[in-house]
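Per TrEMBL, the features are:
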ACT_SITE  C267  active site, nucleophile
BINDING   D33, K38, T89, T125, E159, K270, R337  NAD(+) binding site
BINDING   F156, L157, R158, E159, K211, F256, L257, R258, P259, G260, G264, K330  substrate binding site
DOMAIN    323-424  domain 'UDP-glucose/GDP-mannose dehydrogenase C-terminal'
Amino acid sequence: MNTPRLTVIGTGYLGATHAICMAVLGFEVLGVDVDQAKIDRLASGEVPFFEPGLPELLAKALESGRLRFTTSFQEAAEFGDVHFICVGTPQKQGSHAADMTYVDASVSALAAHLTRKALVVGKSTVPVGTAARLTALVKELAPAGDEVELAWNPEFLREGFAVEDTMKPDRLVFGVASAWAEERLRAAFEPVLAQGVPVKVTDLATAELVKVAANSFLATKISYINAMAEVCEATGADVHDLAEALAFDTRIGGRFLRPGLGFGGGCLPKDIRAFMARAEELGVGQAVGFLREIDGINQRRRARTVDLVTELAGGDVAGKRIAALGAAFKPNSDDIRDAPALDVASTLHRLGARVTVFDPAAMENAKRVHPELSYGESALDAARDADVVVLLTEWTEFREIDPAAMAAVVAGPSIVDGRHALDPAEWRAAGWEYRALGRP
Ligand code: UGA
């Protein structure tokens, strides 16, 4: 069969990455978004977010002539054989459920123009059952009716590794309702599959579930080790060593077992909440009730980090200068959505501390959302005259800070290592009071 022409609907983080990578891999790709400004930036070669390696690939894709952008769903419908839906599913205001407005709107807008056989592929993270609902919607709205099929291809990319995860993912999951849909998906991922990437073909509901099940598992692993950190704190044991010892068991493994401030970002926190909300609707809320505990353990990390800073500040942070190193929800990202770092920094500010933040990539985003905080020019600048330094995002440049150089600029050499990123012996040798949750 012929090589399909692809459209990617929604050019946010996921969509832009997918569109760019697919064009680089040789497909004709049309990126679609309702936001003209976003389209204009991408078309002029600018990636509107921080992602290592992506700007270079965008330049390459544009140069090849295989990547174009539009705001027209009609143009998309006429152009594409396989349409990837990559719009966001944020947490609903005032609820834990996922907001399906963008998915429903984009699928409807596309379907209205589908006059020939085509495959619509959902990539967004959605409540299980969405694909079945959208199948009915598409068949009803599309002039081509039953000729249009729906499939689900969940996305597992990590921010900071988006290119690598798209070009050579651990696995592909194809949720399909027919052999034709599977063949079209195999054709749409041919260069990826050619590298030996395993593919798991499932039904639609299973494919939707794989995504939330994976993110729930990852969140559980992180909260598990952070729960152990709480126990370590009460016993004087060292969670860092505990995690390393557990990791030797290949059944457990060391990845996503790093204790610290816990998880944030635009995915893990909202996905576990949406999963609980959906499970409740399905009458199986009890089956994933443990995720409430996972969320609770995760939230407590932020509160405990504030407590530890307060302890080092002598019992009260009011009027104290605190240097907050990090704002992004994780290193190699400028994303501050549900960032534990900024949660801690703004709580300290609310408690009366004078907080100065520095982050290598997320400064603009942080200033926009938290104008009440102060911002430094560098880690050392933020630490000037600080009573307590708190490391909140484990950027490599923070790991490489010379403790003696930082000791020379602070008011008092006290540090809370919220990410277990520093060597306690090295910092203590340089005269610092070093503290980390779950470590003696
Ligand atoms: C996560 C998943 O890892 C991806 O597979 C998934 O595709 C994505 O969500 C999504 O649903 O779109 P991401 O949010 O980019 O990716 O970030 P992660 O690398 O998973 O980190 C999430 C959070 O967990 C960060 O705040 C990180 O600091 C924290 N974390 C991670 C820990 O606290 N400990 C660890 O051991 C690992």
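Cβ atoms here come from the backbone N, Cα and C positions, even for glycine.
Across the structure, R337 (NAD(+) binding site) and P259 (substrate binding site) place their CA atoms 20 angstrom apart. For C267 (active site, nucleophile), the nearest of the binding-site residues by C-alpha distance turns out to be T89; the candidates were T89, L257, P259. In sequence order, F329, K330, R337, D338, A339, P340, A341, D343 are the residues of the chain that are 6 or more apart from G264 (substrate binding site) and have a CB within less than 8 Å of its CB.
Site extent for substrate: the farthest pair of Cα atoms among F156, L157, R158, E159, K211, F256, L257, R258, P259, G260, G264, K330 sits 24 Å apart. Every protein chain considered, the tally of other Cβ atoms within 10 Å of the Cβ of the residue listed as 'active site, nucleophile' stands at 23. Cβ neighbours within 10 Å of K211 (substrate binding site), excluding its own Cβ and spanning all shown chains: 24. Checking the recorded positions T89, F156, R158, G264, C267 against ligand 1, the ones whose Cβ sits under 6 Å from it are F156, R158, G264, C267. Around the Cβ of R158 (substrate binding site), 14 further Cβ atoms fall within 10 Å across all displayed protein chains. Using CA atoms as reference points, the binding-site residues F156, R158, K211, L257, P259 were checked against T125 (NAD(+) binding site), and the closest is K211. The NAD(+)-binding residues named in the record, D33, K38, T89, T125, E159, K270, R337, extend over a maximum Cα to Cα distance of 24 Å. The two recorded residues, K270 (NAD(+) binding site) and L257 (substrate binding site), show a Cα separation of 20 Å.
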